[in-house]
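Chemist: Quick one: structure below, then a few questions.
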C-alpha cells in the first residue's frame with residue numbers, strides 16, 4: 001500500500017470530500033459508532049425523562065414543586081442538549097484512531113455497540129411501555145442499516161467536516177451578533193410584542209408549526225444551493241491551472257508541490273455535488289445554531305417581560321403547558337411556538353445574509369469558499385499523481 005496516497009486520501013476524507021478519493025471505504029461497522037452514540041444517548045435520556053415525568057401533566061406539575069426533582073429534571077433537559085453531540089464527538093475521535101490502527105478490536109466494539117443499541121435500549125424502553133420493545137428493535141435496526149448505507153457513500157465524512165467547520169466558525173458568532181443582531185432584534189422584537197403574531201402562530205395546532213419551520217428551511221436551502229453552485233462554478237473557472245503551493249504547506253501534498261501534472265481533470269458530477277453539499281451543510285449548521293440562539297433569547301425575554309395574563313390576551317385562549325415531542329418544559333406552549341417561529345425566521349435571515357451582506361460574508365462565507373479552493377489545488381496534485389492506480393484506501397479509512 002502506498003502510504004503517501006493513503007495519507008492524501010485520508011486528508012480528503014477529513015475535509016469532507018470522499019467523492020474525490022478513487023477508492024471504497026471499509027470498516028463500515030466501526031465508522032457508524034458516532035451515529036449510534038448520538039441516537040443512543042438521545043433515546044436513553046428521553047426514556048429517563050418519560051419515566052420520571054409522571055403519568056399526567058398535573059402529576060408532573062406537582063413533582064416540580066420538589067426542588068430536588070426540579071433540579072434533576074432541568075439537569076436531564078440540559079443533558080439532552082449537551083450529551084448527544086458530545087458522545088458523538090468522542091466516538092468520532094475514537095473511530096479515527098481505531099480505523100487507523102486497522103485491528104479487530106474496533107470491529108468487536110462496533111458489534112457490541114450495535115447489539116446494545118438494537119436490543120438493550122428497547123429493553124429499557126419496555127420498562128416504560130410494554131408495547132415499545134418490538135418497534136424499538138425495528139427502529140434501531142433501520143437506523144443501523146441507514147447509517148451503514150450513508151457511511152458507505154461518504155456521508156459520514158461530509159457531515160463530520162461540516163460540523164467541525166461550523167463549530168470553528170461559531171467562535172465568530174460574536175462578530176455576527178454585533179453586526180446582524182441589532183437590526184434583526186429590532187424587527188423580531190417588534191413582531192414578538194405584536195398580538196396578531198401571537199394569534200396567528202398560537203392558532204397552529206399539532207405539527208403545523210413545524211411545517212412552517214420546514215418551509216423556512218426549504219427556502220434557506222434553495223437559496224444557498226443556488227448561491228453555492230454559482231460560487232463553485234465561478235471558482236473552478238477562475239482558478240489558475242495547477243496547485244497553489246502556499247495553501248498546501250503542512251499537508252500530505254507538500255512533497256509534491258514541485259510537480260506540475262499536465263492532464264486536466266474536470267470535476268465529475270458526484271464531486272461537484274459533494275463540494276456543494278459540504279458547503280451547504282456547514283451553512284445550515286451555522287443557521288441552526290443562530291436560530292437556537294435567537295430561540296433562547298426570545299424564550300428568556302418572554303419569561304421575564306411578558307406576564308402570563310398578557311400572553312393569554314394576545315393568544316386569545318388559555319395558556320397550555322409547553323411540550324416538545326411530549327417532553328414537558330417549564331414554559332407556556334404559546335411562548336414556545338412564537339419563539340420557534342421567530343427563531344426559524346432568524347435562521348432564514350442568517351442563511352441569506354452570509355452570502356449577500358459583505359460584512360457577514362467575510363466572516364462566515366468566504367472562509368468556506370477559500371477552504372474549497374485549497375481542496376481543488378490538492379485534487380489537481382492527487383489525480384495527477386495517482387489517478388489510474390489501485391486505491392490504497394481500500395484497506396484502511398477513517399471518518
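Backbone N, Cα and C define each Cβ position, glycine as well.
As annotated in TrEMBL:
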TRANSMEM  32-52  transmembrane segment
TRANSMEM  72-95  transmembrane segment
TRANSMEM  107-128  transmembrane segment
TRANSMEM  140-163  transmembrane segment
TRANSMEM  183-203  transmembrane segment
TRANSMEM  209-229  transmembrane segment
TRANSMEM  276-301  transmembrane segment
TRANSMEM  335-352  transmembrane segment
Chemist: Can you say which of 32-52, 140-163, 183-203, 276-301, 335-352 has the most Cβ pairs under 8 Å with the transmembrane segment (107-128)?
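Modeler: The stretch with the most contacts is 32-52.
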Chemist: Please tell me whether the transmembrane segment (140-163) and the transmembrane segment (32-52) touch - that is, whether there are at least 3 C-beta pairs under 8 Å between them, with each pair 6 or more apart in sequence.
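Modeler: Contact between the transmembrane segment (32-52) and the transmembrane segment (140-163): present, because at least 3 Cβ pairs are under 8 Å.
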Chemist: Rank 72-95, 183-203, 209-229, 276-301 by Cβ pairs under 8 Å to the transmembrane segment (335-352) and hand me the top one.
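Modeler: It is 276-301, which has the most Cβ pairs under 8 Å.
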Chemist: Which of 72-95, 183-203, 209-229 shares the most C-beta pairs under 8 angstroms with the transmembrane segment (276-301)?
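Modeler: Against the transmembrane segment (276-301), the leading stretch is 209-229.
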Chemist: Counting only residues 6 or more past its boundaries, what in the same chain has a CB within less than 8 Å of a CB in the transmembrane segment (183-203)?
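Modeler: Contacts of the transmembrane segment (183-203) (Cβ under 8 Å, skipping residues fewer than 6 from its ends): 209, 294, 297-298, 301-302, 306, 311, 313-317, 333-334, 337-338, 341-342, 345-346, 349.
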